[in-house]
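K.L.:
Dumping what Swiss-Prot says about this protein:
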BINDING   ASP8, HIS10, HIS42  divalent metal cation binding site
BINDING   8-10, 34-35, 56-58, 61-65, 100-106, 132-135, PHE139, LYS142  4-CDP-2-C-methyl-D-erythritol 2-phosphate binding site
SITE      HIS34  site 'Transition state stabilizer'
SITE      THR133  site 'Transition state stabilizer'
Amino acid sequence: MRIGLGYDVHKLVENRPLIIGGVTIPHDKGLLGHSDADVLVHAIMDALLGAAALGDIGKHFPDSDKNFKNISSLLLLSKVKDLINKEGYKIVNIDCTIIAQKPKMLYHINAMKKNICKCLKLDNNMLNIKATTEEGLGFTGKEEGISANAICLLD
């Protein structure tokens, strides 16, 4: 059994779509990044790679590589799944938290779960996604960015 912890953060900017968990969420700002900047999926990828002792997403998908420009993070997550499976690991469960003042994530969590479970070929009960705010504190509370944490168990 191996445990992995992942974290990601991206700045909110104008003229970008807000994609979290593979879901495009209506909002006046989106996340800045080389790929689609999906903080939730990035945190999950780092947790999985960490548990398998395979480094991090920057090692496998560097932002200096033009092939990853605006790429769907779900596509990268599928590649991470293949990497950990190649090492003989399977996912037992994943637990995640999205930290955002706005927009409210509650209405989008089921769609996020569906996307990620489909990508990783997980049963619905193997993935938990929740969201919280920081009560107006810090960069997420001031709506300057959105972050996500993920923890996973591999067998």
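Placed from the backbone N, Cα and C atoms, the Cβ positions cover glycine too.
Locate each feature and note its surroundings.
P.N.:
Non-local neighbourhood of ASP8 (divalent metal cation binding site): VAL39, LEU40, HIS42, ALA43, ASP46, SER147, ALA148, each in the same chain, at least six residues away, with C-beta under 8 Å from its C-beta.
Around the Cβ of HIS10 (divalent metal cation binding site), 22 further Cβ atoms fall within 10 Å across all displayed protein chains.
Applying an 8 A CB threshold to same-chain residues 6+ apart, the list for HIS34 (site 'Transition state stabilizer') reads ASP63, PHE68, LYS69, ASN70.
In sequence order, ILE99, ALA100, GLN101, THR140, GLY141 constitute the residues six or more apart from THR133 (site 'Transition state stabilizer') in its chain with CB-CB distances below 8 Å.
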K.L.:
Indicate whether HIS10 (divalent metal cation binding site) is helix, strand or coil by DSSP.
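P.N.:
HIS10 (divalent metal cation binding site) sits in a strand per DSSP.
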K.L.:
Provide the three-state secondary structure of THR132 (4-CDP-2-C-methyl-D-erythritol 2-phosphate binding site) computed with DSSP.
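P.N.:
The three-state answer is strand.
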K.L.:
Excluding ASP8, HIS10, HIS42, which residues of the same chain place their Cβ within 8 Å of the centroid of the Cβ atoms of the recorded divalent metal cation site?
P.N.:
VAL9, LEU31, GLY33, ALA37, ASP38, VAL39, LEU40, VAL41, ALA43, SER147, ALA148
